[in-house]
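Only one structure is covered here, and it is reproduced in the block below.
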Amino acid sequence: MPEDAIGQQVPPEQEAAGAEPTSAARERHATLSLELTEHQYRYYVLDAPTISDAEFDERLRELAALEAEFPALRTPDSPTQRVGGAFSTDFTPVAHAERMMSLDNAFTDEELDAWAERVERDAGGPVPYLCELKVDGLAINLTYERGRLVRAATRGDGRTGEDVTANVRSIRDVPAELAPSAEFPEIPGLLEVRGEIYFPIAGFADLNAGLVEQGKAPFANPRNAAAGSLRQKDPRITASRPLRLVVHGIGARQGWQPSTQSESYAALRAWGLPTSDRWRVVPDLAGVAEYIAHYATHRHDVEHEIDGVVVKVDPVSIQGRLGSTSRAPRWAIAFKYPPEEVNTRLLDIDVNVGRTGRVTPFAVLEPVRVAGSTVALATLHNAREVRRKGVLIGDTVVIRKAGDVIPEVLGPVVELRPPDARSFVMPSTCPCCGTPLAPAKEGDVDIRCPNTRSCPAQLRERVFHLAGRGAFDIEVLGYKGAAALLDAQIITDEGDLFALDAAQLTRSPFFVNKDGSLGSNAVKLLDNLTVAKERELWRVLVALSIRHVGPTAAQALARHFRSIEAIDQAGEEELSAVDGVGPTIAASVREWFAVAWHREVVRKWAEAGVRMTEEAVDEGPRPLEGMTVVVTGTLAGFSRDQAAEAIQSRGGKVTGSVSKKTAFVVVGENPGTKADKAASLKVPVLDEEGFRVLLDAGPDAAREVARVED
């Protein structure tokens with residue numbers, strides 16, 4: 001949840017200024033205060049919020065704006081002045097030795113710049129900043145006396161929290177005793193360590209699935225799972241959950257005064273406490289902006305949820321000079337990313353039939369704005385996943401949309417479940433053709449429509465697929481064009497596509513003008529089909545919709561066998577032996593060619609003039625033969641497909657993961673965690689210039705310019 005603080009700091013001299021509040025302002029202030037107090041209680045005590053963090057922030061900012069306009073409305077118990085909340089709970093209250101403060105928030109670059117200007121003005125000049133990820137978890141205060149853990153407490157209202165020592169002791173990351181190190185041999189007699197307990201994203205779905213199986217309510221998101229798992233009356237339940245800790249600050253201490261925030265992190269890690277590997281000290285605000293921009297595009301490479309970046313003045317002496325407000329330090333701020341999670345209503349669950357017959361449920365949502373776009377649909381993967389998530393039709397659900405990733409339903413807000421909410425029932429017959437649905441083989445999670453040749457949904461998806469850039473690249477034949485051909489019954493399956501003529505196309509309104517003459521769409525389609533007949537063999541293989549055969553496997557098959565006939569005649573063992581193919585793809589190829597109507601499609605295309613062979617050409621040297629290369633980040637001179645094709649044409653193999661067997665990792669702008677993995681495994685790393693050396697001069701020359709971490 002939000003930090004319960006606002007990005008705007010009101011100077012003391014303005015506190016008493018302002019007009020007399022209007023009756024409307026007083027009424028709105030009272031309403032917002034009550035709402036926010038209720039939501040704080042649901043968040044901090046019940047671990048069951050009913051609104052998203054973004055909605056809370058929006059209401060809190062509205063309340064702060066009212067108080068800025070009418071200072072008389074601001075009281076000490078206002079939600080804008082509180083840290084967390086002082087609510088009665090089942091845990092014993094315990095006082096913090098030093099107050100756990102909140103953070104002011106910046107939601108825009110301008111707000112961050114304004115904060116930095118104030119800092120540098122009061123500090124007397126530029127200062128170095130420490131940047132770290134803002135973990136979306138549960139704030140915790142660990143108290144060590146003479147190196148031994150004596151107490152763990154939640155933040156509470158900042159002065160008094162809840163004693164959760166027994167539960168925290170069960171978390172594997174929390175050391176019961178701190179160990180001196182060579183660099184930091186003296187452990188303070190008293191040390192308060194501040195951190196965040198989080199639930200790893202990777203384990204969240206499994207936790208909810210287990211709760212649903214036990215008939216218990218699932219959690220809406222990993223943050224709620226962390227809070228709910230920690231605040232259990234039985235520590236054994238906490239111990240059974242994979243909670244993790246990351247520390248990010250210190251409170252009261254005796255006998256130790258670090259000179260910088262970064263030095264304190266080094267000491268905490270040396271004593272055995274888990275600090276983040278992702279914090280950085282930067283010299284100026286430009287460095288802060290780079291850090292924020294990097295994690296804005298790589299926030300999903302992190303093992304836990306984050307909702308922003310915390311920026312701190314690094315020198316402790318300047319922190320002391322800047323001081324604090326009643327709620328938050330002036331030397332730190334949280335830059336909040338636009339929300340990727342919002343709450344909305346699940347109106348229905350429908351199903352989609354894909355090109356391979358897979359039947360996939362998807363959520364029909366009340367449209368909501370998230371991550372820069374309006375979302376009305378979200379994936380649910382399969383019927384088992386719907387059960388695992390514990391969502392019912394009619395629920396308020398939490399959805400996440402990360403950049404270009406398909407929106408996903410995380411889980412339900414069970415507290416808002418209406419009495420008429422109902423379970424989803426997976427259909428037993430195909431919604432498009434009525435054929436009984438079944439798994440492709442025993443034990444499959446997915447169910448499929450076996451009417452592969454004639455099911456309208458599958459055929460439409462296959463035609464759309466074969467027209468894509470990774471296959472025949474037929475520009476006019478988009479989703480509407482594919483549907484138009486089928487709706488007018490111009491083709492019975494994809495085998496008829498390359499025999500199309502102008503007379504056939506006039507049967508569809510999509511391909512004709514108002515006067516009945518042939519439209520530009522039809523002319524372009526016929527021209528595109530003529531060009532597509534000469535596409536490379538590997539593109540033909542991709543266009544056939546053979547399961548598991550994408551561009552990489554298709555290129556390997558085309559390069560090795562040179563013709564569709566040779567691939568058809570090859571046995572499974574021979575196919576499997578091709579580098580880049582393997583047993584799964586080999587079995588899929590054999591299964592595909594064993595179907596009579598599949599072979600009929602190939603025959604029709606060949607008769608229509610589609611090229612079914614790969615001309616034997618002198619490929620030239622293959623200097624990367626047997627080598628595996630990983631590409632991460634954005635390259636200025638290559639698209640991802642172009643980079644892969646350049647590697648493969650020289651005999652190399654492109655993979656998506658880094659291992660000790662990886663020959664090179666090519667790193668562009670905004671690389672992901674693969675660059676870090678390469679460094680840890682000491683795999684040679686190339687920038688784009690080094691990549692060109694690899695392509696032009698070979699691996700030996702590339703090793704000369706590669707970077708290998710010591």
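Cβ coordinates come from backbone N, Cα and C, glycine included.
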Among 1-26, 157-182, 235-260, Swiss-Prot lists region 'Disordered' at 1-26
Listed by Swiss-Prot with ASP53, ALA54, GLU55, PHE56, ASP57, SER102, LEU103, ARG155, GLU196, LYS312, LYS336 as binding NAD(+), from among GLU132, GLU213, GLU290, is GLU132
Fewest C-beta neighbours within 10 angstroms among the binding-site residues LEU103, CYS430, CYS433, CYS449, CYS455 belongs to CYS433
In three-state DSSP terms, ASP57 (NAD(+) binding site) is classed as helix
Rounded Cα distance, in Å, between LEU103 (NAD(+) binding site) and CYS430 (Zn(2+) binding site) is 53
Across the binding-site residues (ASP53, GLU55, ASP57), the Cβ with the fewest other Cβ atoms inside 10 Å is that of GLU55
DSSP composition of the domain 'BRCT' (619-708), residue counts helix/strand/coil, works out to 35 helix, 16 strand, 39 coil
Same chain, |i - j| six or more, Cβ under 8 Å of LYS134 (active site, N6-AMP-lysine intermediate); the result in sequence order is ILE306, ASP307, GLY308, VAL309, VAL310, ALA334, PHE335, LYS336
Smallest Cα-Cα separation from CYS433 (Zn(2+) binding site) among the binding-site residues ASP53, ASP57, ARG155 is shown by ASP53
Going by C-beta under 8 A and a gap of 6 or more residues, the same-chain neighbours of LYS312 (NAD(+) binding site) are TYR129, LEU130, CYS131, GLU132, GLN261, GLN319, TRP331, ALA332
